[in-house]
Amino acid sequence: GFVVGHAGLYQALAMFAVAYFIIGMTVLSVCAIATNGALDAGGAYYMISRALGPEFGGSIGIMFFLANVCGSALYVLGLVEAVVDSFGIPAGQKAGTGVHVLPQSYWYELLYGTVLLALCLVVCLVGASIYAKATFLIFLIVAGVLGTILVSFFATRPIGVPIRLPHFNGSEIENGSFTGFSLATLRDNLGGGYAVDYTTGQMMSFSSVFAVMFNGCTGIMAGSNMSGDLKRPSYSIPRGTISAVLFTYLVYNLLAFLMCATCNRTLLQKDYGFLRDISIFPPLVTVGIYAATLSAAMSNLIGASRILYALARDDLFGRALALAKKTSASGNPVMAVILSWLVVQLVLFSGKLNTIAGVVTTFFLLVYATVNLACLALEWASAPNFRPTFRYFTWHTCLLGIAGCCVMMFLISPVSASASLGFLLLLLLALHYLSPSSTWGYISQALIFHQVRKYLLMLDVRKDHVKFWRPQMLLMVQNPRSSARLIDFVNDLKKSGLYVLGHVELQDLDTLPSDPLQPQQDSWLNLVDKLNVKAFVSLTLAPSVRHGVRQLLFTSGLGGMRPNTLVLGFYDDAAPQDGLARHPAFSSTREEVPLGFPALRGPAAPKLLSAREYVGIVADALKMLRNVLLARQLESLDKAWELRRAASPPPTIHVWPVNLLRPDSARYADTCSLFLLQMACVLNMARAWRRARLRLFLCVEAGAMPHAQEEKLRQLLKDLRIQAQIQLVPWDAVTRLHWQTHQGPPGGPAPAGEAAEEEEEEAVNFPANATQVSDEYVCAANKLVLEQSPAPAVRFLYLPRPPADTSLYPLYLHQLELLTRGLGPTVLVHGVSAVTSTQL
């Protein structure tokens, strides 16, 4: 009567259609989720949390708990309104007459609400079985009353109904009328006629009437909320919910038409209990109203308690809800019921039914939208295990349900909707950072997998262009205990590219009962999380380290995301140091270092690979057209200290783009030198290194026009948009040692142009270049690099290609060791691919 009195028949039918469209879409989603596996206590909360994960589940669980609590209070207030309407002392009279004996005031009505709520509490405390029996009895009563009302529309003759309304002078009487079936009455009631609600004194509108009406449709979750108490929830929930929705929709539409055709607008707007006046047996209507509202109040109270119990049992809020876990001997969550009752009692202080209707509706719409979202996410994830036996839904129905809920939420009450969404967001963030990890499975992972697979297929290696080149690193790690700072350093070098931590386990699977790498995987992933590096982990079994690295270079990555750069620690005789305990990620907290990694080898223990095998790995990578970085003494790099030093002078990065082991070939613009420049620039672009300054060293000889060389190099840097300070370094004294050993080339030192041509010819195989320089020369080159002050945070040096003759591998490695001895954190770089571009 309230709805059609204010909105008229057309708008009332539109409201029912919109409400049931939203509800219908949501019911399809509920049925789909309910038939996709075993359900437990918690209803919608259980469905959402197991589908979307603990963050969404916990936050929506709280929202749904509040919706049921407010809904229970709403129905209790509705029942109080009906009781006072029937038995209250009329306004302006001091004493009651006949059945009108109940005093009316805010506090008296609060008392009546408290008594009625206590009755609901007793039923819910006894348990689900008595609740089920009580609701079935109430269903029979309501069905009987409904039958008499339908008969009354046809059997009752036209009558006038005096309506006593409160007034500031006491009360006033208006006359409503029941006309029986009348075309004139129907025409008058077709359009809207919004007026002031006599219970609250507020002007009604489409949104406020819809908010009140929608609460009569929110019972679709009543069966779902009892999921933990049903014998076969996946069988009962779809059948019960769908039949209830269809039945109530037909009843509401039928009642709306009958009321509009028989009752004038004054009666509909001014007397919400008018059905008693027109009924063939008025007391039965009163009983029906009491039964329906009492049933709804109990349903919401028991639903709220089951949601609270499920939230407490899942430990999402820790000790805050620990009390709600306690159950009776029969399994009834009595403490959850009592806590829910207390919260409902607090909401009763709001006073009037229509005051909280908007908030309740907003909460329910938000929950329904999230149920649709859960079903949509499961459908879009295309997981093989999502195969509900209820198939009458698609992602379109889920999307329509979400859209309908969101639109109606903001139409009803923009303020309530915004506040509810803000509260939901706060709960989401709190649970994301504070709640323990769950074993339910995360739909986000399934959705990410689905999208990543799609985009990886779209990533075409044939469309690669040098303009968009980025480093994709494979860092080989023997034991993370000695490589923590190196892992951190390479993370700064990757520039949003792929980063893989590779590890080779020297074992033979044929002799083992199971894969030994699976138990190690978690330790490596925990390390990645703790060091806060954006890296994948790739572990392999191999008979030798060299074979293992080959495997990883061939197989790491997927599609267009494959490592193009191999990073190795340096091969020397220094005993490995456990730097993991000193790393800021562990030293700044009380957490223990992960114990899943073995202890480091002692100084006397043999190494896992020989010098020849180590150089062979470098040669293999270059043959496979992978760039190579050798990192020495990176564990001594305290990045935090280096970058926190006083702003003047800022830390520096020294770059030596000349091949110091080939003094007869001083080129600065070959592929390898440009790659070295690019890597230094990439490091400088990382957030942690932006304060650092690049310093580029140009080695010059007497009579070689150094200023012309400097200008040419400066122009190159300008074209490449690399900001660096160029420093000229005379190295005649160093190169003299080289020419003395080899008596120099015929006719004296080769001009720069000829040296460049020789370099171009010999760059591929480097014929036995390790024999071309003496240890004395290499030590002098090392001293030259070391003398450049101030000492940098890190140095980048040119890594020559290994000699073609494998017997010279140990000598090659020995000379690299001499070249980098005592330099501190140093990266030797050899690039094989073009990585710089001067184009737009």
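From the backbone N, Cα and C atoms, a Cβ is placed for every residue, glycine too.
Just so you know, TrEMBL annotations are computer predictions that nobody has curated.
A quick note: this is a predicted structure, and the numbers were derived from the prediction, not measured.
Summarising the annotation, TrEMBL assigns domain 'Amino acid permease/ SLC12A' to 1-474.
What TrEMBL records for 12-35 (among others) is transmembrane segment.
The transmembrane segment annotation in TrEMBL covers 56-77 (among others). Long-range contacts of the transmembrane segment (56-77) within the same chain: residues 42-46, 48-50, 113, 116-117, 120, 215, 218, 221, 225, 293-294, 296-298, 300-301, 303-304, 307-308, 310-311, 314, 316-317, 340, 343-344, 347-348, 350-353, 356-357, 359-360, 363-364, 366-367, 370, 374, 420, 423-424, 427-428, 431, 435, 440, each at least 6 residues beyond the stretch ends and with a Cβ under 8 Å from a Cβ of the stretch.
For 110-131 (among others), the entry in TrEMBL reads transmembrane segment.
What TrEMBL lists as transmembrane segment is 136-155 (among others). Residues 181, 251, 254-255, 258, 262, 275, 278-281, 284-285, 287-288, 291-292, 294-295 of the same chain lie 6 or more positions beyond the ends of the transmembrane segment (136-155) yet place their CB under 8 Å from a CB of it.
Residues 1, 3-5, 8-9, 12-13, 16, 20, 23-24, 27, 146, 149-150, 153, 161, 163, 174-182, 185-186, 188-190, 193, 216-217, 219-220, 223, 274, 278 of the same chain lie 6+ residues outside the transmembrane segment (244-267) yet bring a C-beta within less than 8 angstroms of a C-beta in it. According to TrEMBL, the transmembrane segment annotation covers 244-267 (among others).
Long-range Cβ contacts of the transmembrane segment (287-312) within its own chain (Cβ-Cβ under 8 Å, at least 6 residues beyond either end) map to 40-46, 58, 61-62, 64-65, 68-69, 71-72, 75-76, 78-79, 82-83, 116-117, 119-121, 123-124, 128, 131, 134-135, 138-139, 141-142, 144-146, 149, 219, 221-222, 225-226, 228-229, 273, 321-325, 327, 333, 336-337, 339-341, 343-344. Taken from TrEMBL, the feature transmembrane segment applies to 287-312 (among others).
Under the heading transmembrane segment, TrEMBL lists 333-350 (among others).
Listed as Cβ neighbours of the transmembrane segment (356-380) (distance under 8 Å, sequence separation of 6 or more from its ends, same chain) are residues 22-23, 25-26, 28-30, 32-33, 36, 44, 47-48, 51-52, 56, 60, 63-64, 66-67, 70-71, 73-74, 77, 208, 210-212, 214-215, 218, 221, 347, 350, 386, 393-395, 398-399, 401-402, 405-406, 408-409, 412-413, 416-417, 420-421, 424, 443, 446-447, 450. Residues or ranges marked as transmembrane segment by TrEMBL: 356-380 (among others).
Residues or ranges marked as transmembrane segment by TrEMBL: 392-412 (among others).
Here TrEMBL flags 418-435 (among others) as transmembrane segment. Sequence-remote contacts of a segment are chain residues at least 6 beyond its ends whose Cβ falls under 8 Å from one of its Cβ atoms, and for the transmembrane segment (418-435) they are 54-56, 58-60, 62-63, 316-318, 362-363, 366, 409.
The feature domain 'SLC12A transporter C-terminal' is assigned by TrEMBL to 485-573.
Look at TrEMBL and you will find 741-765 tagged as region 'Disordered'.
When Cβ-Cβ distances under 8 Å to the transmembrane segment (392-412) are tallied for each of 12-35, 110-131, 333-350, the top count falls to 12-35. Residues of the same chain lying 6 or more positions beyond the ends of the transmembrane segment (12-35) and with a Cβ under 8 Å from any Cβ of it are 3-4, 44, 47, 51, 206, 209-210, 213-214, 217, 220-221, 224, 227, 233-234, 237-238, 241-242, 245, 249, 252-253, 256, 260, 365, 368, 371-372, 374-376, 378, 388-393, 397-398, 400-401, 404-405, 408. Here the domain 'SLC12A transporter C-terminal' (485-573) is broken down by DSSP into helix, strand and coil counts: 37 helix, 22 strand, 30 coil. Each residue in the domain 'Amino acid permease/ SLC12A' (1-474) has a pLDDT score, and their mean in this model is 82.
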